[in-house]
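Heads up, the thing below is written out as structure tokens.
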Amino acid sequence: MHLPTPCSSCLDWARLLQSILHLGPSVLHLSERVTVYIRTKTTLLTSIVTGLIRVMYPFNIGPATFLAGALTLTQVVTATPFPQPQQKQIGTADSAASPHAVSNQERRDAVKQAFQISWDGYYKYAFPHDSLLPVSNSYDDDRNGWGASAIDAFSTALVMRDWSVVSQILSYVPKIDFTTTSSEISLFETTIRYLGGLISAYDLLTSKPLASDPAFNYTSSQTDAILSQAVRLADQLSVAFNTPLGIPDNQLIFDPLTGPRRTGSQTNGIATIGTLVLEWTRLSDLTGNPKYAQLAQRAESFLLNPQPANVAEPFPGLLGSNVDIATGLFVDSSGGWGGGTDSFYEYLIKMYLYDPDRFGLYRDRWVLAADSSIQYVASHPSTRPDLTFLGGWKGTTLRFSSGHLDCFDGGNFILGGLTLSSQKYLDFGLELVKSCAETYSSTATGIGPELFSWQDSRTPLNASNNPGPSTAEQKAFYAKNGFWITNGQYVLRPEVIESMYYAWRATKDEKYREWAWAAFQAINATTRAGSGYSAVENVNKAGGGSKTNFQESFWFAEVLKYCWLIFQDDDDPWQVKSDKTNQFVYNTECHPIRLAKGKETEPSSSSYQQGGGKEKRDRRFAGPRHA
């Protein structure tokens, strides 16, 4: 069909429409690009478009002419990204760099400034305690009083080459007394923060380019002290494994009179069992003492062969949450990719990357879990079927809720896709990244909430496991955004930016940098408080609501490190690689751990294992229950 041509001056009117639409976000609270705006605000835009088309085609206003005008306006209006408020740029389909975007150097400077503010406040008011209370300029020993923020900041200061802070931490490390504390100890938290932080610092300082950096002088005795303290800590923690089967008790007490002891827990979770193996194996590889790896890998074996199968593994590769320490048997069939289970799945593929010759079975178990997640658990909200989230399960009944912690999953699938050369996992991971990014762009602050829910598009809306939002405010929010908030806190978590980092490293698509920059700006503006940065109560209130007066140690280790790395142009060896040249793998606290062979390798033919038992498990599995 031949379409008429508009008059020569009428493109100016089209650009006027673009200017009118530019006012949309502030006037009408728009969160989508023009195309979505047209879909949702039909009456207003129909009037504007019709009026402008009558000016463009004053002598002919038939159907063909109207279509031509609409196409012309659409072409002009959508030719460049919609200039929305910063937080609204995250997750939109065509987000790209603004023509006035700051340089990556300026972004790194902003991130480093946030790090310095956080460190200076901590060092002045809290060091050598664990965490800064930035509003009251005080401290909290929430991680046993050993200086958790200092150790979590160690590897970040190193990758930033912030030698002043590195020197302060280096001087402090030998002074830590890991034999005593006044509070109960978490084996899991102590492993990922302290043990992981020390091992990472040792790996970084003894590897190029930092090992030969002329800008910083340190001695071998200082690096030896780091490793010695890691060994001392692991020796203290080893009492956790003194159980009949070697399944650790996660809660410990270090008594200076009687020595370390277990608290006598009856069960332990799969994350707190399954997120030890990287750090403890690396410690054995560095020291030549096999006992650390043996302890963690023996405990992990009960998760790699979960029993009893009908309770432990409701979906192939996807497990329940808790194991009886005395029997090694699973006690429930409830799980997900969130808190309490998340990093078990995370470490399966990371152990294979660490050493494919020793950890082929870990790869097989990750593949089972990943495939089941895609086939059975992936969910699309009824109001936004373009989004993809991983919910949870109780047996084979699905539940449709998730949270900030779960949003590491996109990055983990991307890493699995890169490691296994699988486009399927990479593409699915990018879907998850985009969807979690939308949880940021949808709120008043531009930061995602702690917990959220949705209704699954495949499950009857009246099903008992698929309830809708309970308040009018939640209903309106869900209709627009595809989820509703069930806990609006933000506690300085990293997972959404973490997954954006993996997406950037895998694709080099600049939109992921733009999303991360928008996220950092929102976090920087909302959580800045007193002498540092604080968790906030409600991300969907202006300013985040009230400040909770707490700066988590993982703010140093994770949020600030991922933000630094995604804007770093130099391809340092600790960066995630998309071409199978990785030299490091990140623990769940974002501490880079050097690979066993110093570089990424393919498994030898003798070590290659297939996913044993997969067909048998698939035959006994009938699929998820949606109702």
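Our numbering is plain: 1 for the first residue shown, then up by one each step along the chain.
Backbone N, Cα and C define each Cβ position, glycine as well.
Curation plays no part in TrEMBL annotations; they are all automatic predictions.
Feature annotations, reproduced from TrEMBL:
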- 85-107: region 'Disordered' (REGION)
- GLU189: active site, proton donor (ACT_SITE)
- ASP342: active site (ACT_SITE)
- CYS407-CYS436: disulfide bond (DISULFID)
- GLU450: active site, proton donor (ACT_SITE)
- GLU495: active site (ACT_SITE)
- THR588: Ca(2+) binding site (BINDING)
- 595-627: region 'Disordered' (REGION)
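A gap of 11 Å separates the Cα atoms of GLU495 (active site) and GLU450 (active site, proton donor). Taking CYS407, CYS436, GLU450, THR588 as the recorded positions under consideration, the smallest Cα distance to GLU189 (active site, proton donor) is found for THR588. The Cα atom of the residue listed as 'Ca(2+) binding site' lies nearest to that of ASP342, taking the recorded positions ASP342, CYS407, CYS436, GLU450 as the candidates.
Of all Cβ atoms in the shown protein chains, 30 besides its own fall within 10 Å of the Cβ of CYS407 (disulfide bond). The two recorded residues, GLU450 (active site, proton donor) and CYS407 (disulfide bond), show a Cα separation of 10 Å. Around GLU450 (active site, proton donor), taking its Cβ as the centre, 18 other Cβ atoms fall within 10 Å, counting all chains. In this structure, the CA atom of CYS436 (disulfide bond) is 16 Å away from the CA atom of ASP342 (active site). Of all the recorded positions listed here (GLU189, THR588), the one with the fewest other CB atoms within 10 A of its own CB is GLU189. For CYS407 (disulfide bond) paired with ASP342 (active site), the C-alpha to C-alpha distance reads 10 Å.
Non-local contacts of ASP342 (active site) by the CB criterion (under 8 A, 6+ apart in sequence, same chain) comprise ALA271, GLY336, LEU405, ASP406, PHE408, ASP409, THR588.
Cβ-based neighbour count (10 Å, all protein chains) for GLU495 (active site) stands at 24.
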